[in-house]
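**Student:** Handing you a structure now.
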Amino acid sequence: MQKFFVTSALPYPNNSSPHLGNLVGALLSGDVYARFKRNQGHEVIYLCGTDEYGTTTMIRARKEGVTCRELCDKYFELHKKVYDWFNIEFDVFGRTSTTKQTEITWEIFNGLYNNGYIEEKTTVQAFCEKCDMYLADTYLKGYCYHDGCRENRVISNGDQCEICQKMIDVNKLINPFCSICLTPPIQKSTDHLYLSLDKLTPLVQQYLDRVEFDSRIMAISKAWLEIGLNPRCITRDLEWGTPIPINLDPKLEKYADKVFYVWFDAPIGYYSILANERDDWREWLNSGVTWVSTQAKDNVPFHSIVFPASVIGSNIELPLIDRICGTDYLLYEGQKFSKSQGVGLFGDKVAEISPKLGINEDYWRFYLMKIRPETQDSSFNLEEFVRIVKTDLVNNIGNFINRVFSLLEKTPYRDLNYQISPEYIEFIKKYEVSMDEFKFRDGLKICLEMSSRGNKFVQSTKPWTMIKDGLDTQEIMTEAVGICWILLNLLKPIIPKSACDMLSNLDTDNQNIFCLIGGSNINIRILNIIKLPFKNIDLKQLREFIEGKN
């Protein structure tokens, strides 16, 4: 048994609900992987929480006329409600606006400061006179100046261009403007603290040389190194955030009115959220744990460059991320998700309309894993969603399980001894490799292929004619039920509620399917007959519910 620390990129609690792209990129991917590892028999802690500090929270709180704390309390509960509905099974779900977060951030900063990796700079920064505030990178927009984007007049945030994925120097943005009031900012000098990434480059390179990132994740990380790492500002002129430890050095007293940049201390939240849950968090993390992080591709450089540089430079004995499970972007009907523009489906809406449609979270989980943007951007399409539910969930998986148990109901066989065949051992092996490599689409594809094989087996053996003629069908039914049992076990990480509900009707002497790769027998007792597990979705009705017409 191994230990796995699975974390999903911490979502901002500055909106009422995450959209489906947020869910599939980090949280659902983390949940599927954590469940898979638990099914293998490993010890797993799956952790996430809300990333509560920063400009986005301040702006949202200002709009709603509440304090930042009140806003975070409100949206923490709303987000957790959505994640619970989608059956995302966290072992720990916390938040970053805690005393532990401050303590651990200070510990890391103090190490960096004492080791000479923090420098001071007086910089000229964009200041919006209308909003009376310095503009954080995410609230300063303009045209990206990098090749390819400059010619196409791509509008970028001030931290990183979403199109070319390159870092942005805010002073080089073309025609910058405040994203809040849309007016051009003035330039105003201010003092800030910088993380000396240039000095930390060799240590980051050593880290990247030893971790097991796949080629896509490594390419994103190495691209930053090839451009060259420069000192990065880690403080902001804000009120809401982790304060600077000004008592460390009298020189730091002038930073009393500043806080740490959210991307400096947000990943530290993985430590602090766990620390708030268990006192032995350091001991557990340093006990040979494999750390797997799930996230969208735009978060990768902060987790593979900035975060490890900070921890390594502090010289504190804390583990770092071993593997990153990254995705591209999920679009909605070909467009980028946007609540303000009414584009996309959001978690709270999905939870609202699903009971009206007579479906549960597994329908959405299934389709989202089917289209998971693993190697390129993909798009959620309502017509395709309805079609996939019909062809894959109802006609393939559902039909196979229903046929087997409808036939079994007509026989006296309730205690079966199943010898797994070499063909299905290979299915399990291929599935295990795919899931371990974060190829969840391939894992689901293997399940669908297995179900199709099962359907063909039933069709070719025609047990219904033998039952009608009073002939012995125990061998056929044992094989068919055994295939169902394997299939449902492999589907547990993807559609856990449906798979576990069906498996509860089967009592076995072995709950770990991956132990059967050696070819062991398994005894299966039928407790209840499984009924038709899935239903079709009416597209017209689905659209009406989404549009609020019903």
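The first residue you see is number 1, and the count goes up from there.
Glycine residues also receive a Cβ, built from the backbone N, Cα and C atoms like all the rest.
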**Student:** Choose the correct range: of 61-65, 186-190, 336-340, 371-375, which one does Swiss-Prot annotate as motif ''KMSKS' region'? Give that range.
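**Tutor:** Within the set 61-65, 186-190, 336-340, 371-375, Swiss-Prot attaches motif ''KMSKS' region' to 336-340.
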**Student:** Return the residues near Lys339 (ATP binding site), defined as same-chain residues 6+ apart in sequence whose C-beta is under 8 angstroms from its C-beta, sorted by sequence, else 'none'.
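**Tutor:** Sequence-distant Cβ neighbours: Asn15, His19, Phe346.
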**Student:** Can you work out which residues elsewhere in the same chain, 6+ from the ends of the motif ''KMSKS' region' (336-340), have a Cβ less than 8 Å from its Cβ atoms?
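**Tutor:** Same-chain contacts beyond the ends: 15, 19-21, 329-330, 346.
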**Student:** When DSSP is mapped onto helix/strand/coil, what comes out for Lys339 (ATP binding site)?
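**Tutor:** In three-state terms, Lys339 (ATP binding site) counts as coil.
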**Student:** Please give the average pLDDT for the motif ''KMSKS' region' (336-340) in this predicted model.
**Tutor:** 76
**Student:** Just give the helix, strand and coil counts over the motif ''HIGH' region' (10-22), going by DSSP.
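**Tutor:** Split into helix, strand and coil, the motif ''HIGH' region' (10-22) gives 3 helix, 1 strand, 9 coil.
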